[in-house]
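Q: The structure is given below, and queries will be raised subsequently.
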Amino acid sequence: MKTAVFGRDSGEPGSPCGAPPSLTFTPPATLVPPTHHHSRSTNRGGVSGTGGGGSGGLQGAPGAGGPRASHSSRRTSRLHNNVSALGVLSLGADVLPEYKLQPTRIHHCTIVHYSPFKAVWDWIILLLVIYTAVFTPYVAAFLLRELQDTAKKSRFTEPLEIVDLIVDIMFIVDIIINFRTTYVNENDEACQVVSDPGKIATHYFKGWFIIDMVAAVPFDLLLVSTNSDETTTLIGLLKTARLLRLVRVARKLDRYSEYGAAVLLLLMATFALIAHWLACIWYAIGSAELSHKEYTWLHQLSKQLAQPYTSTNGTIPTGGPTLKSRYVTSLYFTLSTITSIGFGNVSATTDSEKIFTIIMMILGSLMYASVFGNVSAIIQRLYSGTARYHTEMSRLREFIRFHQIPNPLRQRLEEYFQHAWSYTNGIDMNLVLKGFPDCLQADICLHLNRNLLSGCAAFAGSTPGCLRALSMRFRTTHSPPGDTLVHRGDILTGLYFIARGSVEILNDDNTVMGILGKDDIFGENPLLYDEVGKSSCNVRALTYCDLHKILRDDLLDVLDMYPEFAETFCKNLTITYNLRDDAQSLRKKFDRHKLLRMSSSMNKDRYTTPPDGDHGNAAVRRSAESVSRCDSNPIDRRQSAGSRSSSRCSPPHAALTATRSEATPLLRRSTNHHEEDDALFDDIRAFARGNTVTMSPTVAGNSVSPTTAIHNDGIHSQQLSDRSDDYEERRANMFGRRLESIESQMERMQNKFNSDMETLIKLVKEQSIIRNNGSSNEEPNARYRPNNYISSAIRLPNGGGGGVVDEMRVSRLSSHEPPTPTQETDTIL
């Protein structure tokens, strides 16, 4: 058997999902909150007017143009184009979301807070703050005394002094820039950008001005004339005020807390920075007690390194360990203390050192728990996907073990779970979108199904609203190789669109009927059938497949909401393989023919009943009532039963006079049998109700007389009522004769069938004997071949969509000679 391959490229002409050249995909409109003056929407390509959906650019109202408006439009457009690129780099916490961006009237010499210049400037200030956080405590504890001694000789000769001066200047400039930088008014519902200089100054004074001003004061320049030790210590303490800027930096860096690696890096940097500060304080305590105490930790270090301090006449000791050794030892002691290790080779000896060590232990325990607890949480979050995968897999295996799932089903379950997890990473899209509004869900679904809706010709010409409604009802399914998507006999509840992979269509004996690939469609067209059909084939995945499925009811609901699109959809939809089982329509047609055959036999009995035409008419009417009840619902059947019991008291009041020849076999009727059947059913129902019946002349094969009118006759009805008892008796006799006739006919058919089967078995045995003997003379035995005797044909129409058995004939078998072409055949209903 040849295999039909229906897969084709999406760009091939005639492909069911090949989009025509005129099909364009319309993206969803961008959300814009209402404002007092203008209402514009921003797309990724530029700033466009409201009603537009244009190609970018700012579209203003007529009369509002001019060079000034054009310059403002170009400036706003340039700024907006850089917002997406600088959104991650910007440190401002008040960066507007892109869909809320509004073109504002920028004051002269005012800096927009989301401009590229402001983003770069914030990063420069961040680096200077980090430099200040590291070197300010170090200089105040280790180098301030040496720098003061050098300053007595000459100013600004040391590199650190020059760098500190530059940092002070940059902080002062940052204050000036903050007075000219816009901000977002969070108290306003519209979240407008404020560019008025007065409002900006008021907002800055209420915010970070005091902290920035204290951090920018050059205290070492203000106290340069004093040379006492107390002044030097005061300068060191005041210079640490620059660390207040870290609060502002920490607030801005909070926007990166969603990135696990960034948070891990920030936590480790924070831990190291605090240890650095504690090391500077630890050295400052030992250095302050060095002149009047001889058993500080610095003295112990000098003895261990054999580098003692020297002092004359109570002055500050000189010499001792190098600066590098002092800093490394201080940092070593603080880290061993806050991590609760404490080797003991460096220990506190004085009371001040012991008090600070106690404070450092308490602080270290809290910091250790918080920092490393967060580190554990971050690492666990990094591997949360793997943990969830193993958890779900364990649950699946427990389910298989508890319910004793057989191995084939177990393998299919595990393969599907692994494939679905690798495709979705364990994320349930329905659960994610559940908490969002319908409009946003529609936009997301439209984005996820954009390739299907824009590439399939069936959706060409649909409105954006119709596409949004369709995208909300599509469901994506994933299938591993070998998984059966549809079984034979399943209800066809949906329409399938193949997005990736290939499937095969199989019949009952696993014969491949077709192979479908990307952009193919299978199922049934719900617009062509009133009732849900059943699948006539099995559909099995050949490779890993991704399919878009829409339920029949959901599709019909959308087409009901958009009736103008229904005709276009039905016209453009090309189903690659129709799975509908046409045997359903065949059975319905057979039931209809059986009813018509009953009516045909009833008409025959009506004209051949000899005793009394009135009683024959009554029998016809009673039989017509039973035929009318065959296609009614249970309620109508109960009502008909009630009317039948009441009609026994009053015989029919109508007479039917018509002539007709013997009925022609039903399966030999002409091509116009549908119109004849409908007319016959209408006549039967009308006659059962006692109304006037008009019988139309039939087509070839029947000899019913032309139009015959039936009128009620009061006199004749009175005569019939007088003979009601005789009518009941004749009616019982008529049905008894009918039953005997049917039984005898069935017995003849059974005998004939048995005889034919015996003859067929005999011929098959003779054929096998001849074949075993190896006889080469075939002409004498040709008459005994079963293929020559059996002439059975089931002819189906050549049209698509299955069909109905038009004629079924079984030739009469003979035990002696095959039938001739002119021999009469029996028709079996």
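Note: Cβ is positioned from N, Cα and C throughout, glycine not excepted.
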Q: Confirm whether, per Swiss-Prot, Ala284 lies on the same side of the membrane as Glu258.
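A: According to Swiss-Prot, which assigns topological domains, Glu258 and Ala284 fall on opposite sides of the membrane.
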Q: Between Asn313, Asn773, which does Swiss-Prot record as N-linked glycosylation site?
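A: That would be Asn313, per the N-linked glycosylation site annotation in Swiss-Prot.
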Q: Between the transmembrane segment (124-144) and the transmembrane segment (262-282), are there at least three Cβ pairs closer than 8 Å, leaving out pairs fewer than 6 positions apart?
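A: Stretch pair touches.
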Q: For each of Ser471, Thr484, Asn510, Ser536, count the other CB atoms within 10 A of its CB; which of these binding-site residues has the top count?
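A: Top count of Cβ atoms within 10 Å goes to Ser471.
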Q: Hey, which of 159-179, 235-255, 262-282 has the most Cβ-Cβ pairs under 8 Å against the transmembrane segment (355-375)?
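A: Checked against 159-179, 235-255, 262-282; highest Cβ contact count belongs to 262-282.
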Q: Please give me the CB contact count at 10 A for Ala458 (nucleoside 3',5'-cyclic phosphate binding site), counting all chains in the structure.
A: 23
Q: Under DSSP, the topological domain 'Extracellular' (349-354) has how many residues in helix, strand and coil?
A: 4 helix, 0 strand, 2 coil
Q: What same-chain residues, at least 6 away in sequence, bring their CB to under 8 Å of the CB of Lys549 (nucleoside 3',5'-cyclic phosphate binding site)?
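A: Long-range Cβ contacts: Phe474, Arg475, Thr476, Thr477, Gly494, Leu495, Tyr496, Phe497.
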Q: At a 10 Å cut-off from the C-beta of Phe497 (nucleoside 3',5'-cyclic phosphate binding site), count the other C-beta atoms across all protein chains.
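A: There are 24 of them.
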